[in-house]
Amino acid sequence: MNTGVFLFFGTKSIHSLEIIDHYTKRFHMPYISPSLSRVAVDTYDSFQVSMKPPITQAIIDLMINFDWQVVHYLYDSNEGLKRLQEIFSTLPRQTDVRFTYRKLEDVYHAHEDLRTLDRMNTADDKKIILDLSSYDAFTSVLKQIAEVGMNKHEYFYLLTTLDFSRLDFRRFIHGGVNLTGFDLIDPNNKQYKRFVRKWENASSNEYRGAGGELMSDSALAVDSLQVITETFSEMLAKDKPIFQGSFRRAHVYNNYTRPGIPCTKIHHSEPEPPPWMHGQAILDTIKMVDFQGLTGHVMFTPDGFRHDYILHVSSVGLHHQTPTKIGSWHPDYGYSSLDADQRREPAETNYTDSSVKVITTILSKPMLMRKDPAKILESNLTGNDVYEGFVPDFAKLLSDRIGFQYKLKEVSDGHYGREDPNTKQWDGMVKELVDGTADMALADFTITYDRERVVDFTKPFMEVGISIMIKKPEIEKPGVFSFMKPFNFKIWIFIMLAYGSVSIGLFLVSRFSPYEWTKVKGEKDPQLNEEFSMLNSFWFSTGALMLQGSDACPRSMSGRVIGTVWWFFVLIIISSYTANLAAFLTIERMVAPIETVDDLAKQTQIKYGCVNSGTTREFFASSLVPIYQTMWNFMMSNPQNMVNTTSEGIERVRSSKGKYAFLVESNIIEYENSVEPCDTFKVDRNLNTKGFGVATPKYSPLRDVLNLHVLELKEDSTLIKLRNKWWTDRSQCAPNGGKDTSRKNSLSLSNVAGVFYILICGLVVAVIYGALSFIILKVRLIPITSYAKAMPSSSAALETDKGNGSLSEYAINNGHSHSDRDVKTYTYNPPPMIGFEAFQQPQEHSDV
């Protein structure tokens, strides 16, 4: 205190309780503790605040509920003895209960104490309360109870622990024994589940015990820190400079005079040290704290005790082999058995209140829409008749079945309902329900934990989820070479490599195989000729690839093996190509820029956002999933991407040319996708699952009646038909995005333009090559022809060859050295003509 503190937070025991109470009163120093309830201590003007709820009255109520006449009270600490004294003083006088009590001096060696208790018990005197000081003490004593055989029929134990469901009861489930106890933590508590997810992912090096089981003492400590945070936040919100005068040069000053809060006088002449100047204000603010913590509702009485909390009563035994909740205890309402709740009379299915019910709602397509103004004027529509959509139809169904009159009213501020974190005030439809200006809310109104604290919801009438809306991309137009798309680029490369490898391989095996060499007929000295030259090998592979074949055919076994595997390869490739080509040329596809939420989160080109207020924003703000946290950080760093209304977000998607994605409920996306201009679509699956419910004020008699009829409408498929009416049946877009699907798509020139280009290019190349060959050959023949005219013998030889229609290369190259000995004659026989008789006309030719 000498260094300056604002309040104390720590543990305490029964021995230090009175000392702490004295010091905190003397110096007005608030003391928050999660460890011990204040028992048997004068609470008048105390500065202590107890986070741990007292359970004395809960024990008494359970004893009375179970009708115990004789109770054996086992305890191991002075706190247990103090609690027993409180039970004696609090127990109603008309209650006839006899107590015996025993202190367990050593909870780890209590066999003899338990055996003594077992021997003195009669058949009707086996009701035992275990009031032990720690979780380990309960674990040890329960183990010893089983070892001495006190886990059998007729034994009934009441445990004062607040972590009953965490204990090990495997040795107590078959003997007929009954064990009952309390749980402070509700595993379904939203705050608890959120904290546990963070706790499981925390580093054990940074946080001792991270990932381990969270006990009630730890949860109370967390809530204590939350109390401190809420207290100072509230004080600074009301009076921001309240603590400015208390800080000077990194020291805390009390009453603006001296640093720290001294506990003793330095000199006898000094006055008594003054109490902490802000102590009373801090304590008063602590007692005004009100929030939902890990241990439930946190608020305090003027004496500093917990109030409005719930102890969950659970039981283990022959009928409940695992801890099963059998009831709950509340300081105001006492013990409530679940069996009693189940015996409640069912709600009436008719409603007798004849007053007109105000239904607050909100404009949202297709839930609630105003009819066309011209139609309203023409038909002179008023009241509920000016609206159309799912909500008006649903409201009429409920009205007809339940029997009430209603009036649809648009919410005044256009909001669904969100709590202001500073003022704790609600807006939107929630505010109108809380204020009593509306009897129910019917819209695409999401059921959330925070909303259900202040209003009641029926069972969900529609299940939806958050999804991604983006502008539909333009249909990909076929390219010039779209015929190549059935295979990707790598496959084309490998086909070309296979083509080259087969051709070269065929050339090599033919070169080395003796079966591929043949003699040239008609020669005086026959020469060997190879049919599969390099060019012929490539021509053979080309013919097979084009399914045309070639005149050449390999004779060797190795060549035939190569040819066979190449033909098989071509068969599979061509079949696969043909099958894929039909799909690629006849189907126009859309290429989406993003296909999953991961794609959206990992890029920055497409901006995204959601409505500034609502459950979608809260989902990302409170999510513990890393990818959703990344998206939330991106949206917060780019607030210009957030929108104020759903309509604004949809319009932004349509006008952004695919550069903006809108995070919104799936039902809205499904509707917008089905109406003109049919230019939006939903990306991937929903990010979460939530439900829309009908909301009523707290404890409204309408709630149970509405709940039954909502379930009835779901079971008889009426709600499914109603949804189809407004989402599916009125769709203005065809399934493929608004185009007529009744006709089969036909190919256009753009689909096959590349084939024509290749044909034209081939023709041009062939003509150019032929022309060049002619020109080159003619240029080479001109000087030879001129020289031949100058030599008679050469001229005669040339004339003779011209008669044959061909010019011998030998004659051209050696025209200057011919002699009579070089001339020989042979008979040429033409092949028979197809379809005509064969004939032979011997002709004499000269060959130089």
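Each residue, glycine too, has its Cβ placed from N, Cα and C.
The domain 'Ionotropic glutamate receptor C-terminal' feature in TrEMBL is assigned to 355-729.
The annotation domain 'Ionotropic glutamate receptor L-glutamate and glycine-binding' is assigned in TrEMBL to 366-435.
Summarising the annotation, TrEMBL assigns L-glutamate binding site to Thr446, Arg451, Thr616, Glu665. Within 10 Å of the C-beta of Glu665 (L-glutamate binding site) we count 24 further C-beta atoms, all protein chains included.
Non-local neighbours of the transmembrane segment (491-509) in the same chain are 484, 516, 532-534, 537-538, 540-542, 545, 554, 556, 558-559, 562-563, 566, 569, 573; each lies 6+ residues outside the stretch with a CB under 8 Å from one of its CB atoms. Taken from TrEMBL, the feature transmembrane segment applies to 491-509 (among others).
Among the features that TrEMBL reports, transmembrane segment is placed at 565-587 (among others).
Residues annotated as site 'Crucial to convey clamshell closure to channel opening' in TrEMBL: Ile594. When other Cβ atoms within 10 Å of the Cβ of Ile594 (site 'Crucial to convey clamshell closure to channel opening') are tallied across all protein chains shown, the result is 21.
Neighbour density for Cys678 (disulfide bond): within 10 A of its CB lie 18 other CB atoms from the protein chains shown. According to TrEMBL, the feature disulfide bond maps to Cys678-Cys733.
Sequence annotations record features per position, and here TrEMBL assigns transmembrane segment to 754-777 (among others).
The secondary structure of Cys733 (disulfide bond), as reduced to three states from DSSP, is coil rather than helix or strand. Apart from the site residues Thr446, Arg451, Thr616, Glu665, the chain places the Cβ of Tyr416, Asp444, Phe445, Thr448, Gly614, Thr615, Glu618, Phe619, Lys690 no farther than 8 Å from the centroid of the site's Cβ atoms, the recorded L-glutamate location. Across the structure, Thr446 (L-glutamate binding site) and Cys733 (disulfide bond) are spaced 28 Å apart at their Cα atoms. Note: the CA-CA distance between Ile594 (site 'Crucial to convey clamshell closure to channel opening') and Cys733 (disulfide bond) rounds to 22 Å. Helix, strand and coil content of the domain 'Ionotropic glutamate receptor L-glutamate and glycine-binding' (366-435), in residues and according to DSSP, is 33 helix, 13 strand, 24 coil. The Cα of Cys733 (disulfide bond) lies closest to that of Glu665, out of the binding-site residues Arg451, Thr616, Glu665. Counting only residues at least six positions away in the same chain, the Cβ atoms of Ile466, Cys610, Leu663, Val664, Glu665 sit under 8 Å from the Cβ of Thr616 (L-glutamate binding site). For the recorded site, Cys678 (disulfide bond), the DSSP three-state label reads coil. In the three-state DSSP assignment, the secondary structure recorded for Glu665 (L-glutamate binding site) is strand. Across the residues annotated as binding L-glutamate (Thr446, Arg451, Thr616, Glu665), the widest Cα-Cα separation comes to 18 Å.
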